[in-house]
Amino acid sequence: MTSMDMTQGRGISVSVVLRLVLLAVVAGLAVAPVWAGRSDLRLLMEVFSFLALAQMWNLLAGYTGLISVGQQAFVGLGGYLFFALAMFAGLPLLIAIPAAAIATAVIAVPTGWIAFRLQGPYFAIGTWVIAEVFRLSAAQIGALGGGSGISLPVALAKSLADSRGGREMVMYYIAFTIGIASVLMVWGLLRSKWGLALTAIRDSEPAAEAMGVATRRVKFMIYVLAAFWTSLTGGFVFLQKLRITPDAAFSLNEWTAFVIFIVVIGGIGSIEGPVIGVVIFFALREVASDWGTWYLIMMGGIAIAVMLVDKRGVWGAIRARTNLSIFPVTKVLD
Amino acid sequence: MATILSLSNVNKNFGALTVSDDVTFDMPEGQALGIIGPNGAGKSTLFNLIGGTLAVSSGTVQFAKQDVTRVPAAERCRMGIARSFQIPHPFVGMSVYENLLVASSFGNSGHHDAKAECRDILDRTGLLPKANRPAGSLTLLERKRLELARALASGPKLLLLDEIAGGLTEAECHELVETIKGIRDSGVSIIWIEHIVHALTAVVERLIVIDFGKIVAEGEPSKVMADPLVQEIYMGISVDDTAA
């Protein structure tokens with residue numbers, strides 16, 4: 001009993017230290033344009049994008065048990081709808097991105113209606129097929145460049161800011177906002193009444209249903225929310241790239257496989273997991289990016305190794321041994 | 001007394017297998033009803049049909065004068081049907097208290113003060129010292145108590161208890177019987193599936209015996225247990241259980 005209490009006490013104080021460290025890192029990142037070079041900023045923008053994608057995939061798979069391998073559908077839709085709204089509807093870029101995400105969320109409703117007829121592995125394959133349908137459809141739209149894609153007109157890109165440095169600064173803060181807000185949103189959600197429902201579904205769907213949680217409706221809402229935020233990220237990603245093609249926009253590897261790697265390595269079913277996973281993923285990528293194919297083989301090897309050693313991932317393994325919690329969601333009866 | 005639950009000609013088939021065979025019974029509000037029968041007789045299936053986890057193949061289920069035959073499980077819980085699972089399904093990643101909060105937030109919540117309500121239930125079920133522990137760290141017996149506590153937190157009018165006394169010592173069993181009597185006396189209708197007949201008969205005023213999905217006997221517990229057919233079925237269970 002006493003030793004248990006002591007670990008608990010130490011756990012809490014270490015948690016506080018970790019929280020302060022994280023806060024300092026975020027504060028540092030908030031002023032990154034001051035200290036970071038151009039290529040560092042570009043890397044950080046990618047980090048934030050993947051952080052948001054990972055938080056969304058984790059919310060979906062880690063809490064509601066919906067294993068989607070078709071989230072690239074929403075990245076691609078976000079990108080394409082953003083281009084279309086900016087180029088043809090004349091919306092300002094900063095409005096076109098969220099507008100595209102709202103449109104994607106609307107599209108996610110019938111898409112989810114179809115995908116939700118399928119269970120477990122069939123759902124996974126179904127989402128993949130749906131994403132392929134969107135990819136093939138995008139390639140048919142001549143106005144958006146068909147299969148070879150399209151670039152964002154220079155004049156539009158310049159509407160963000162006149163100078164290149166200015167544009168990069170604006171883009172950096174969009175990425176920063178999308179990434180950090182994804183974590184805060186998930187945290188807020190998990191601390192609310194709906195967090196209780198989501199965590200209950202994660203742990204036992206039949207029991208959650210029997211305790212009055214309309215599991216199907218909750219899962220659907222999360223599916224649409226994840227589509228929205230994934231699309232928001234997608235819109236930003238292609239603003240940064242300034243060019244979109246069906247293959248890049250609806251890439252399974254880039255927008256889903258890497259994201260699954262991040263969540264699984266970091267620790268599925270927690271807020272901390274995807275954060276840790278993103279750091280590990282980019283650290284590995286920076287070290288090994290010029291190894292060619294070996295880099296992907298190494299990634300696969302690491303994923304298998306983590307599964308064998310502790311399938312709960314890095315944070316899951318830490319969590320099982322300590323009481324650490326950076327983003328506490330627990331409700332305490334005092 | 002008003003009827004709280006009414007099953008009419010309820011059937012459930014899995015392919016050629018009939019697990020509920022023309023089950024019909026009415027239950028007055030406030031009654032404590034026991035269900036016994038051999039393993040595989042279809043007792044838990046009956047709970048799944050009443051709770052909405054399974055859909056009936058034919059027949060109707062009425063709860064509090066409303067036809068709930070097509071109503072999903074979550075909605076039935078919000079109407080006041082709560083259940084415990086025979087094999088405990090705790091939310092292992094949440095604390096014991098949070099397990100109750102789920103039920104109290106989404107169930108038939110008329111709780112003005114969910115925290116006080118949960119504390120009271122944890123106290124009555126002996127789980128208060130473990131309130132802030134992860135449910136995954138509980139022993140099997142504690143998990144069974146959590147099943148009861150969580151079902152209570154949803155604010156039930158009808159409580160379905162599925163073999164929560166199995167594996168308890170005599171003293172623990174006695175304690176549980178007292179707890180369930182207390183719940184019954186607070187006006188909650190109870191259906192209790194249990195193999196431990198003396199625990200059951202200490203609480204219930206009516207007994208239903210199920211065999212091969214059919215109701216084969218029902219009535220006042222002492223009379224039902226004296227029925228030669230029931231004795232045969234029930235002795236059969238005892239012999240099998242000892243052999244196993």
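Glycine too: its Cβ is placed from the backbone N, Cα and C atoms.
Residues or ranges marked as transmembrane segment by TrEMBL: A:60-86, A:93-116, A:169-190, A:220-239, A:259-285, A:291-309.
With respect to Cβ pairs under 8 Å, the transmembrane segment (A:169-190) is most closely packed against A:259-285, considering the stretches A:60-86, A:93-116, A:259-285, A:291-309.
Taking residue pairs at least 6 apart in sequence, the transmembrane segment (A:291-309) and the transmembrane segment (A:259-285) share three or more C-beta contacts under 8 angstroms.
Counted over residue pairs 6 or more apart, the CB atoms of the transmembrane segment (A:60-86) and the transmembrane segment (A:291-309) come under 8 Å in fewer than three pairs, which marks the two as apart.
Sequence-distant contacts of the transmembrane segment (A:220-239) (same chain, six or more residues past either end, CB-CB distance under 8 Å): 49, 52-53, 55-57, 59-60, 63-64, 66, 68, 71, 74-79, 81-83, 93, 96-98, 100-102, 104-105, 107-109, 111-112, 115-116, 152, 171, 174-175, 178, 182, 185, 198, 249, 255.
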